[in-house]
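To start, the structure itself, in structure tokens.
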Amino acid sequence: MKRWVKTTVVALLVFVLVVIGMLVFVAVEKEQKLTYGDSFDLCMQTITTIGFGNHYPHTAGGRVFCIFFAIIGIPLNFYLLKLVGQHILDGEKHLITKLESRVFHRNPRYLHEKCLLAGILLIMTLVFIGAGIQVSNSGWKFIDGVWAYVIIFTTVGFGDLIPHHDQKSKLNMVLFLPLYYTLGLCVVSSTVQAALGVVDSVKAVKSMFGYREVVNEREEGTGDQDGQL
């Protein structure tokens with residue numbers, strides 16, 4: 001199965017799971033009077049493991065459902081993040097290769113290292129854009145927005161600053177921001193994969209030099225034996 005097809009199938013599964021979760025949480029958690037936006041936010045916080053703590057099931061039925069929802073949704077969403085992250089990494093490699101071959105007329109070197117740097121810059125860009133959104137919509141300080149989005153993209157989720165918590169009346173923000181978090185997590189996934197590529201490259205270089213040292217030692221040992229003979 002081609003990777004794009006696999007990614008599409010997994011994305012559809014996650015979408016269906018989130019829709020089911022939204023409907024179930026709204027039906028079961030009637031005492032909370034959850035809106036569909038709140039329920040969507042609860043589902044996204046669960047499968048991304050961010051968990052701000054502003055929305056959570058109160059009833060026994062909701063908690064039991066949330067357990068199974070998390071067991072299925074978290075691994076499935078992590079797999080989706082891995083697939084999308086790989087697509088982003090492939091795109092970065094393609095762009096860097098095209099840029100260096102056409103502009104600098106050379107074959108690209110240290111591709112994983114450059115992709116790692118590009119990923120870090122992209123994460124910083126998303127953090128700053130998110131912080132700017134909060135300054136514009138909620139009147140936050142810029143540093144508070146940066147703090148909030150770094151905590152989100154690392155899935156720490158302290159819950160001290162929740163970007164859309166004071167924007168309940170704006171359904172577009174309630175729906176948009178969880179998707180923005182997911183985009184950030186995809187970029188984090190691609191950056192982690194680039195970092196792993198760098199680690200593998202370093203290991204390959206070390207093993208190559210280690211092999212050469214062993215060969216040199218053997219050659220020196222053979223030379224000593226020939227001299228003794």
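FYI, residue positions are counted from 1 along the chain as it appears here.
Placed from the backbone N, Cα and C atoms, the Cβ positions cover glycine too.
Mean pLDDT, taken over the domain 'Potassium channel' (14-87), works out to 94 on the 0 to 100 scale. Residues annotated as domain 'Potassium channel' in TrEMBL: 14-87 (among others).
Summarising the annotation, TrEMBL assigns domain 'Potassium channel' to 122-193 (among others).
Annotation comment: TrEMBL describes 7-28 (among others) as transmembrane segment.
The transmembrane segment feature in TrEMBL is assigned to 60-81 (among others). Listed by sequence, the residues of this chain that lie at least six past the ends of the transmembrane segment (60-81) yet keep a Cβ under 8 A from its Cβ atoms are 7, 10-11, 13-14, 17-18, 21, 24-25, 28-29, 43, 46-49, 182, 185-186, 189.
Away from its own ends, the transmembrane segment (115-134) comes close to residues 88-89, 92-93, 96, 140, 142-146, 148-150, 152-153, 163, 177, 180, 183-184, 187-188, 190-191, 194-195, 197-198 of its chain (Cβ-Cβ under 8 Å, at least six residues beyond either end). The annotation transmembrane segment is assigned in TrEMBL to 115-134 (among others).
Only residues 6 or more beyond the boundaries of the transmembrane segment (146-162), in the same chain, are considered here, and those with a CB under 8 A from a CB of the stretch are 45, 48-54, 123, 126-128, 130-131, 134, 140, 181, 184-185, 187-188. Taken from TrEMBL, the feature transmembrane segment covers 146-162 (among others).
Long-range Cβ contacts of the transmembrane segment (174-199) within its own chain (Cβ-Cβ under 8 Å, at least 6 residues beyond either end) map to 37-38, 40-41, 44-45, 48, 50, 81-82, 84-89, 92, 112-113, 115-116, 118-120, 122-123, 126-127, 130, 133, 149, 152-155, 163-164, 167-168. Annotation source TrEMBL lists transmembrane segment at 174-199 (among others).
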Query = In the domain 'Potassium channel' (122-193), how many residues does DSSP assign to helix, to strand and to coil?
reply = 52 helix, 0 strand, 20 coil
Ask   = So what's near the transmembrane segment (7-28) in sequence-distant terms, Cβ-Cβ under 8 Å and 6+ beyond its ends?
value = 1, 34-36, 39-40, 42-44, 46-47, 57, 59, 61-62, 65-66, 69, 72-73, 76-77, 79-80, 83-84, 87
Note = Helix, strand and coil residue totals from DSSP for the domain 'Potassium channel' (14-87) stand at 55 helix, 0 strand, 19 coil
